Amino acid sequence: MSKLKLGVEVVSAHELIPKDKQGSSSPFVELHFDGQKFRTSIKEKDLNPVWNELFYFNIADPSSLPELTLEAYVYSMNKGMYPRSFLGKVQIAGTSFVPFSDTLVMHYPLEKRGMFSRVKGELGLKVFLTDDPSIKPSNPLPAIDRRPNNLLPSQFHQGLDQVSEANKSLPMKEPKRSFRSIPNEIQQQHYSAPLIKPVTHVADPMKYESQPSKVVRMFSSSFSQQPMDYALKETSPLLGGGQIVAGRVIPAQKPASTYDLVEQMQYLFVRAVKARDLPTMDITGSLDPYVEVRVGNYKGKTRHFEKNQNPTWNEVFAFPRERVQSSVIEVIVKDKDLIKDDFVGIVHFDLNDVPTRVPPDSPLAPEWYRLEDKNGDKTKGELMVAIWIGTQADESFADAWHLDAAAALDASAISSHTRSKVYHAPRLWYVRVNVIEAQDIFTASGHSTRIPDVHVKVQLGNQILKTRPVQARTFNPLWNEDLMFATAEPFEDQLLIFVQDRVGANKDEVIGHVAIPLGSIEKRLDDHMINARWFSLEKPGVIDVDQLKKNKFSGKIHLRVCLEGGYHVLDESTHYSSDLRPTAKQLWKPSIGLLELGILNAEGLHPMKTREEKGTCDSYCVAKYGRKWVRTRTIIDNLSPKFNEQYTWEVYDPATVLTVGVFDNWQLEKGANGNKDSKIGKVRIRLSTLEAGRVYTHSYPLLVLHSSGVKKMGELHLAVRFSSTSFINMMSIYSRPLLPKMHYVQPLNMMQQDMLRHQAVQIIAARLSRMEPPLGKEVVECMSDVDSHMWSMRRSKANFFRLVSVFSGLFAAGKWFGSVCVWKKPVITVLVHILFTTLVCFPELILPTVFLYMFMTGLWNYRSRPRYPPHMNIKLSHAEAVHPDELDEEFDTFPTSRSSEIVRMRYDRLRSVAGRIQTVVGDLATQGERLQALLSWRDPRATAIFLVFSVMAAIVLYTTPLQVSVALVGFYTMRHPRFRNRMPSAPLNFFRRLPAKTDSLI
């Protein structure tokens, strides 16, 4: 039986609805989980009860935990014929259960049981998982002392019996609002390792859609107006799931593996496990053995052991089956030597006798083979080897030494920089420091004649923020400022608080300081107020801990510090966010689908380096979605590499973006320490543009903007499928806020968001660079678009023309209406008059007509709907004809590294552009000030004219039906050109003569 238990602490409830005649209630809580039921005590006549009672539920099967739901019902005990009244309920999905170390008290709003239920208030619960064997499950029977004080024992037990009978009439499980969790390796992140033993699940993508998968045949868009070489291309590869026929995947005769979005590639796997009783090859009796595997002209070597006759390697080599041209496999044991390695023994294998292994078959058992000498005679020593033929679905594929990697120039970098890996970025938190005030602030110099100019400096890692300086006339300065920082789990840094005195220009004197460990800071999930604390300041210069305890304090500081779990820490551009969930796991909603990505191959990559007098490339791909980063293996010396690797992610919001980048590996060169991997290209795919259950197979152009212009660096072949769990759940996502609640309750300003995003990217880059193999800082910054906020004349033009395109429909409608008004086409003008008269006579048809028009327009556009994911457009980006100096400015460093003449020229150009923008803004302000001047008597004659007109218009509108007035205005506007005058109208002339505040500008 499992030792895992679910702990539920019923803390309190707030603002419950009264149920008795005295305007109160006697509430208690009933907990239901996995067929188990517990009750709290009854709080008599209390609408804000506090229980603080703890219960433990047994969990029989931890693997089914994501499918279970904790239900908490709040009832009020009554004296009448109905023993209890419903006050509300709370349902918590099993996917939101967290270990005890991460648990916090959460106040859940009470939900209705039915449409006509009256519910109000919140229920405070603390839910966590524990595997402590000393904890016993709670007694499911209610205690006797939980009865109300005003009930006799017989009445109380009679009421409980009635409650039990009422429970029997209720269904055991009510319909759940949570979604079924997708059982893959990501789900195991919700629970700590000691609590649940990892269970291996094979995610079956076909269970998310009952209909067969489709491979969408999509062509390059005709309206993109960019060269066909830069457009998206349709592909029809033979995927692992079967043959593509008429746009559908026809399943193969043999069972399909989980790698159904990539082309199956056969590999020859050779596992060198260990050796025993190896002979010595020199007079010293020492042996430094290693294994060399040869297949034709290709070979791979294991690491060597010094002075070991029974070494254990347990290393796997993978050779692409299509490139194996020899029928003999040689596994040679050699002795490492400074001059020439000595031959120890060899084992031969016939490739035709090698077995084929298809997962989920168990791994092939290795065997002991007797070594042979160069003449083919048996010699001393045995070697344990396993050889089989498999695919990239084999579990040994990720950790194997591949044929391309074995040919690298620097063999010491092979194992750490060429293998495919999955990275999980750390969970990020915001730290809010509210600096309130300080007391007894005296300068270290002791001068009492000068008033201290005090400010507070807060440091977290390499992040430093300061409050405004305050003159401490009473030596008790007050700031009340909020400072925000970004940090990540595990909390390794301390929060350092310095109270400083500005004694001169750029010279601060530390009055006192305090260090606060991040692990001791309280966490909050909503906007409830955190209790502030007074911290004693330590004198500067005291380092020894014993001296700190003996030393007197130099004042106190009042702080309110907390870890914000209700925000989503922005670590990427808001336009390309891949995850919108809050930091705290308790606030996570169940996943709504599964994203599968098959990285097939790249073609025509641009050479990034020169090796042996020819251009080459050592490419690998990085994909990012949410906290999960993946990296494919590095293909050496190949401008058309084949990866054929498949990865999956859980999806929590369709309004997110998958980013895939291609990079050139520079860590394999000799002396490559400090080298940065080069960017080849990047692809973005927005999930909301994909149809559920369909397979999108396309070749994406890798477009990169260089200082010389836009350049195509090759093409990346991807297969993408987005599968949803429920159509209704998917549609309900569109009514929810995009960001967590705290972003709207206590929003961050733009400056804070930019600063915190930069710090979050640096934290992730530092953490991923410490993993093996490391993911470089330049890769993380490229994938996170860290420089997207920098100024660019090209981007400014692109955004301006995007804005023009948005309003183009409005401009076109105004132009068309102008042609109607001048009777350019009399037939259309007459029809517009008839439609206008109909709408004026029947105004109730206006809104239905508008919505019907939009509905019909949408149906008409369905025929020409996009059938491909969006991709980078050089026309939209204004990258095809950009001026070279504008590109040089865009790639300039910050601060600038160009000469003063170039900077002066660019500054003058920016001034001219800003001058035009300034003129437009001023014109808009002028029009608004003229509207205000109508009633301000700034121009007394104009205001008097407008007042007389207002009185006359009021009299006319009071005596004339509104429909007649609207019809007259409409017919006057669309009058025939014969009745028009070329001069501006009188109302326009009157408006242009109104005064504005331009006269008051200097």
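Note that Cβ sites are derived from N, Cα and C of the backbone, with glycine treated the same way.
Positions annotated as domain 'C2' by TrEMBL: 1-108 (among others).
Residues annotated as domain 'C2' in TrEMBL: 249-369 (among others).
The domain 'C2' annotation in TrEMBL covers 408-535 (among others). Per-class residue totals from DSSP over the domain 'C2' (408-535), listed helix then strand then coil: 10 helix, 68 strand, 50 coil.
As annotated by TrEMBL, domain 'C2' applies to 576-700 (among others).
Through the fold, the transmembrane segment (800-818) approaches residues 876, 878 of its own chain, all at least 6 residues removed from its boundaries and within a Cβ separation under 8 Å. Annotated transmembrane segment per TrEMBL: 800-818 (among others), in sequence order.
What TrEMBL lists as transmembrane segment is 830-856 (among others).
Taken from TrEMBL, the feature transmembrane segment covers 944-973 (among others).
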Kindly report the helix/strand/coil residue split of the domain 'C2' (1-108) according to DSSP, in that order. 12 helix, 53 strand, 43 coil
Restricting to the domain 'C2' (576-700), what is the model's mean pLDDT? 90
Residues of the domain 'C2' (576-700) by DSSP state, where helix covers H, G and I: 7 helix, 63 strand, 55 coil
Six or more residues out from either end of the transmembrane segment (830-856), which same-chain residues have a Cβ under 8 Å from its Cβ atoms? 820, 963, 966-967, 970-971, 974
Residues in the domain 'C2' (249-369) grouped by DSSP into helix, strand and remaining coil: 6 helix, 54 strand, 61 coil
